[in-house]
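Q: One structure, as structure tokens, below. Some questions next.
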Amino acid sequence: MPDVTAILAFITAAFILLVIPGPAVLYVITRSTEQGTKAGLISVCGIQAGTVVHAVAAAFGVSAILMASAMAFALLKYAGAGYLIFLGCKKIFGKKQTAESIKALPPQSMKTIFWQGMVVNVLNPKCALFFFAFLPQFINPALGNVTGQVLFFGLLFTIMAFITDGSYALAAGRLGKWLKGNTYYLKLEAYISGLIYISLGLLTLMMQPSHGSNKK
């Protein structure tokens with residue numbers, strides 16, 4: 001069990017990183033404004049499921065292998081970027097929404113939203129960098145059970161991320177209700193959402209394994 005000082009230091013540092021909007025936050029905001037608060041919260045659950053995958057991988061050394069291998073990191077980076085860009089192109093070039101079509105068409109399933117959120121974060125190299133470069137600073141080998149310490153901090157980070165991302169989802173969901181009644185917004189919504197996804201994909205492409213900082 002990590003000491004109290006390390007836990008408090010980790011909470012402070014992680015909170016600062018989490019409240020600054022990054023790819024995960026922007027993804028949640030987009031989901032919430034598109035389909036409401038519930039969809040935003042489901043996307044948060046998916047994203048945090050992806051965070052758990054990274055935490056477990058870090059605990060057993062997989063993230064270290066990814067960071068040490070340029071090819072493995074590149075594959076992760078390009079897969080994540082490609083998926084985000086695909087979502088963006090689908091929004092921009094797909095059928096555009098109108099107030100009537102929103103009422104007539106069934107919303108995207110919560111299961112699909114969950115899995116999309118999970119895939120986005122599993123393929124997010126920024127998350128891998130976080131667990132490889134940031135989290136180890138709070139691990140004390142002298143206390144033993146390094147794997148347990150990594151899992152502890154990973155779970156703590158996941159809980160904190162769920163709270164902060166969930167707050168963004170709630171706020172964006174309320175804003176989305178107003179936006180959905182705005183005819184001008186409906187005309188631009190597909191392009192705005194699509195450009196956000198594509199921008200996140202391009203941001204992912206810019207990630208380098210040598211960076212030591214991370215934004216969630």
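Cβ from N, Cα, C; glycine included.
What TrEMBL says about a protein is an automatic prediction, not a curated fact.
Pulled these features from TrEMBL for this protein:
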type: TRANSMEM; residues: 6-29; note: transmembrane segment
type: TRANSMEM; residues: 41-66; note: transmembrane segment
type: TRANSMEM; residues: 72-93; note: transmembrane segment
type: TRANSMEM; residues: 113-139; note: transmembrane segment
type: TRANSMEM; residues: 151-172; note: transmembrane segment
type: TRANSMEM; residues: 184-207; note: transmembrane segment
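A description of the local structural setting of each listed feature is requested, covering burial, neighbours and distances.
A: Within the same chain, residues 24, 27-28, 31-32, 72-73, 76, 110, 113-122, 124, 127-128, 130-132, 135, 147, 150-151, 154-155, 157-158, 161-162, 165-166, 169-170 sit at least 6 positions outside the transmembrane segment (41-66) and bring their C-beta atoms closer than 8 Å to a C-beta of that stretch.
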Q: The transmembrane segment (6-29): which same-chain residues, six or more beyond its ends, come within Cβ distance under 8 Å?
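A: Distant Cβ neighbours of the transmembrane segment (6-29) are 40, 43-44, 47, 117, 120-121, 124, 126-127, 130, 134-135, 138, 140, 153, 156-157, 160-161, 164-165, 168-169, 172, 196-197, 200, 203-204, 214-216.
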Q: Are there residues at least 6 beyond the ends of the transmembrane segment (151-172) whose Cβ is under 8 Å from a Cβ of it, and what are they?
A: 1-2, 7, 10-11, 14-15, 18-19, 21, 24-25, 28-29, 31-33, 37, 40-41, 43-45, 47-48, 51-52, 54-56, 58-59, 130-131, 135, 138-139, 216
